[in-house]
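Engineer: Once you've had a glance at the structure underneath, I'll fire off some questions.
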Amino acid sequence: MVKKNFIPSVSLVRRDLPTLVTTTTSSTALSKPTSSVVSETSSKSLPSLTSSAFSTSSGATSSSSLIVASITPPSTAGNPFILNAADKPNGTVYIAVGAVIGAIFISILIWWLVSSYLSRRFTMTNSYANDSKNLYRGHHKHSSSLQSNPFDINDEKSYMQDDWDSMSQLESSQYEDAASPFNPIQDPFTDNRRSLFISPTLQVSQYEKSHSRHQSKDTNIFIDDPFLYVGTYLEEEEEEEEERKLNLNRPQRAASPERKEKKINSMEGYHKRNQSSLGLIPVASATSNTSSPKKAHKRQAPSMFLDDVLNGREII
């Protein structure tokens with residue numbers, strides 16, 4: 001038995017396409033949207049799709065009204081509590097604040113300018129004074145350009161004092177040998193010293209003599225200047241007062257000879273109070289009498305002194 005390929009038979013049935021049906025509805029009142037409605041129609045058992053749309057021809061309108069009140073400021077006429085700003089420009093407060101700040105800045109600027117000018121003037125006058133002092137030292141007549149300055153008299157006095165100091169140093173350097181300027185007491189024989197003995201009194205006297213000699217020469221040179229003469233006179237008076245205080249010119253004895261007399265007088269008064277005759281004896285005889293028994297009496301050993309006490313020879 002031979003098998004054959006079996007081919008099934010298929011019957012094709014023709015189907016029609018679905019039909020689309022559209023319907024429109026209109027209404028005069030408020031319309032609400034309607035959803036599309038799908039209806040099934042049977043046409044040879046095929047579904048059909050139906051859609052509907054809506055359209056509005058008119059709608060309802062509503063109206064509303066809002067009432068707003070108008071605000072009017074009070075009148076300034078006759079009201080003392082309201083500033084009448086009709087006469088004032090706009091921004092009066094800002095203008096006033098700016099004017100105050102500007103006045104403060106202007107005052108600070110003026111103060112800075114004045115202070116800088118005064119300081120510069122002061123430095124210029126000082127520098128001019130120093131230059132004139134260095135250039136015209138030794139001359140007592142300076143230029144008259146500073147006569148308007150109220151400190152001219154003091155400046156002249158200071159110049160005179162400086163000139164006096166410089167000239168005195170020059171004179172002292174002429175008469176003095178090589179000496180240290182830091183030590184006022186100088187010994188001219190320091191290099192040739194052979195002994196180690198130093199006499200402060202001799203050094204002070206030598207210094208006073210040299211100082212008085214130089215001072216007399218300086219006063220003879222500058223005797224025509226009254227200011228310098230008065231200054232030297234005052235310096236001499238101060239030195240004399242210092243010498244009186246120190247008493248360097250008068251030699252003092254180491255021991256006063258009056259001490260023995262005072263001692264004798266005190267001893268006499270003491271013996272008179274005690275009613276003894278020792279005060280009538282001269283001091284030399286009294287000392288000799290008191291020292292003689294000490295010399296005659298020999299020093300004994302402690303054991304011998306104890307034996308004498310026990311034997312009754314000595315009384316404690």
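Including glycine, each Cβ sits where the backbone N, Cα and C put it.
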Engineer: Of the residues Ser31, Ser45, Ser276, give the one that Swiss-Prot describes as phosphoserine.
Structural biologist: Ser276
Engineer: In Swiss-Prot, which of these is labelled phosphoserine: Ser256, Ser292?
Structural biologist: Ser256
Engineer: Annotation phosphoserine per Swiss-Prot: which of the candidates Ser58, Ser148, Ser158, Ser303 has it?
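Structural biologist: The phosphoserine feature in Swiss-Prot corresponds to Ser148.
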Engineer: Select from 32-60, 177-205 the stretch of residues annotated by Swiss-Prot as region 'Disordered'.
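Structural biologist: Checking Swiss-Prot against the ranges 32-60, 177-205, the region 'Disordered' one is 32-60.
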